[in-house]
């Protein structure tokens with residue numbers, strides 16, 4: 001096997017028949033569109049609900065993710081054959097779930113905008129460099145035009161930074177129920193992070209955001225490693241079930257530990273938020289499944305810069321305040337310039 005694998009030179013053993021139509025660049029870009037839409041909207045269902053301290057929400061969300069994993073596994077089994085289960089693929093899910101469990105503390109410490117900015121950049125850079133250079137674990141994947149790929153990554157970093165300056169529209173008034181819930185939450189729970197000195201709180205927020213981004217950016221590495229072993233399927237969807245099972249098991253362990261520490265005195269979301277939380281997980285799982293498809297055809301050095309920036313466009317459009325349209329327009333333009341350059345990096349101009 002070559003030391004460097006071209007991102008368009010996909011392996012095909014074990015998946016020639018069922019995945020032929022998915023193993024094309026056009027299918028990869030369609031998958032990225034689906035991925036971006038679902039990643040950009042997956043939190044909308046829970047936006048209007050009080051989610052407690054987020055620990056119950058992350059478990060409900062991960063339960064929705066696991067449901068999609070089961071559906072994908074059954075669909076592939078009925079359509080073609082039951083994919084081989086690789087326990088190592090669960091490690092990727094465990095990495096993601098660990099990072100996801102930190103987001104509530106991060107947002108409390110440094111705010112949503114700055115938190116997303118830091119973990120998105122860390123996610124993109126870790127995912128890009130780990131697949132591009134391998135770190136001695138993976139076979140490096142090299143685009144046909146590495147220079148354009150590097151430029152695209154740099155532009156993606158700039159576009160993510162621009163989104164941090166866009167503030168959501170907060171003009172919507174809270175309902176009386178929400179106001180009562182705010183008072184109840186304030187009386188019921190005082191978060192440990194809020195009691196820290198300002199500098200320490202910012203340090204904790206920055207540090208955890210970088211760590212979360214590291215976990216997000218490495219969540220595909222175990223699957224890529226398995227795919228690069230001789231005889232294993234190269235179809236990303238074959239690893240979705242194991243990946244999502246790892247997410248759910250890790251999330252469950254985290255939630256159980258949380259419940260024990262809290263002595264079963266949990267800060268839970270409202271009953272009306274349960275189904276929206278599951279739906280949030282389902283949308284995320286559809287996005288992640290699409291990302292698996294895109295990785296198989298386009299390669300992670302191309303997909304990571306695109307997928308980590310495009311959802312910001314969707315998420316910002318649905319919540320942006322009127323005063324932010326100029327910044328939003330600039331951010332969107334920079335984002336799409338980065339996408340175009342990353343797409344061109346797959347073309348050999350020599």
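Positions of Cβ are set from backbone N, Cα and C atoms, glycine also.
Predicted, not measured: the structure shown is a model, and the values here were computed from it.
Segment annotation: TrEMBL labels transmembrane segment over residues 147-166 (candidates 147-166, 167-186).
Long-range contacts of the transmembrane segment (114-135) within the same chain, counting only residues at least 6 positions beyond its ends with a Cβ under 8 Å from a Cβ of the stretch, are 99, 103, 106-107, 141-142, 149, 153, 156-157, 160-161, 163-164, 205-206, 209-210, 212-214, 216-218, 220-221, 224, 299-301, 304-305, 308-309, 312. Remote same-chain residues near the transmembrane segment (56-82) are listed as 17-18, 46, 97, 100-101, 103-104, 237-238, 240-241, 243-245, 247-248, 250-252, 254-255, 266-269, 273-274, 277-282, 284-286, 288-289 (criterion: CB distance under 8 Å, separation of at least six residues from the stretch ends).
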